[in-house]
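Per Swiss-Prot, the features are:
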ACT_SITE  166  active site, proton donor
ACT_SITE  275  active site, nucleophile
DISULFID  293-299  disulfide bond
DOMAIN    35-338  domain 'GH10'
CARBOHYD  171  N-linked glycosylation site
CARBOHYD  310  N-linked glycosylation site
CARBOHYD  323  N-linked glycosylation site
SIGNAL    1-21  signal peptide
């Protein structure tokens, strides 16, 4: 009797499930799947046809289990905040140190994350032995050797490289770095050609900050020069807008970033927001920034510059999506909602 009852109960449950499944329209099933697929920032942006939503990190921050768990759950891409910069990888001439960079790459690859290499040629965090070079041929060889060594080491593991970083002044002129002083703008060609040779499949970016207003001289100059260099055969694939934005109502807030991204993305094969953070993390400002990327079909992804406010380089501005207790802020919900509801 007990066996017959169990058989009957199983049959009733199976029938009930079948009826329920029949009554759920296909659209509802699809919506339920979409909501599950977009339950993280990375899943949501990929459902919009983009490549990644990411953040920056280094072995030190990855040692914080709360941050590493958030990255594993929410992010699809990692940028080394400092561990691939020149002072970290080649503090003395002829001596390379890849300990921290290797650890970052190992974390990313073992957890299925894309990597944006950052950065190859930059005037800051530059060892004194480089900044004191006075011979153009010597500097050319040094640039080529660094790029061949660093990019070559991670060939096939890095999605994109910030090849040249922050080379423009606010008025649009070229920054008077050691690279420009000795080589003029030819250092751009030298760097990008070396990177292409070292890893032909990596996407190569020029990256800068304060590119958040389409009428700003810095943005106009970068766009004009990228178009010129690309027409001359310099292998620039993408433009990275760091997107360190101010609070609403301040100069270079998110109010004009839509037009800025339109101008930047039109000048290259692809573009990205590479270091996004917004002072005070207004949900509305984060929504505007997110939409600015999504509105450009070749904007491949968004990288926020850190996970939690306590680890931000702008920590006093509380600019990130998680607070110092690793709790999601309203800005997080705004970004996720924007990604999930976006329609091209």
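Residue positions begin at 1 at the first shown residue.
Just so you know, glycine gets a Cβ as well, placed from its N, Cα and C.
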Legend entry - residue 310 (N-linked glycosylation site) versus recorded positions 171, 275, 293, 299 - nearest by Cα: 275
Legend entry - Between residue 293 (disulfide bond) and residue 323 (N-linked glycosylation site): CA-CA distance (Å): 24
Inset, instruction - May I ask which residues of the same chain, at least 6 positions away in sequence, place their Cβ under 8 angstroms from the Cβ of residue 275 (active site, nucleophile)? - result: 56, 79, 209, 240, 242, 243, 244, 303, 304, 305
Inset, instruction - Starting from the Cβ of residue 299 (disulfide bond), draw a 10 Å sphere and report how many other Cβ atoms land inside it. - result: 25
Inset, instruction - Fill in the CA-CA distance, residue 293 (disulfide bond) to residue 166 (active site, proton donor), as an integer in Å. - result: 20
Inset, instruction - Could you state the whole-number distance in Å separating the C-alpha atoms of residue 171 (N-linked glycosylation site) and residue 299 (disulfide bond)? - result: 25
Legend entry - Between residue 299 (disulfide bond) and the residue listed as 'active site, proton donor', the C-alpha gap once rounded to whole angstrom: 20
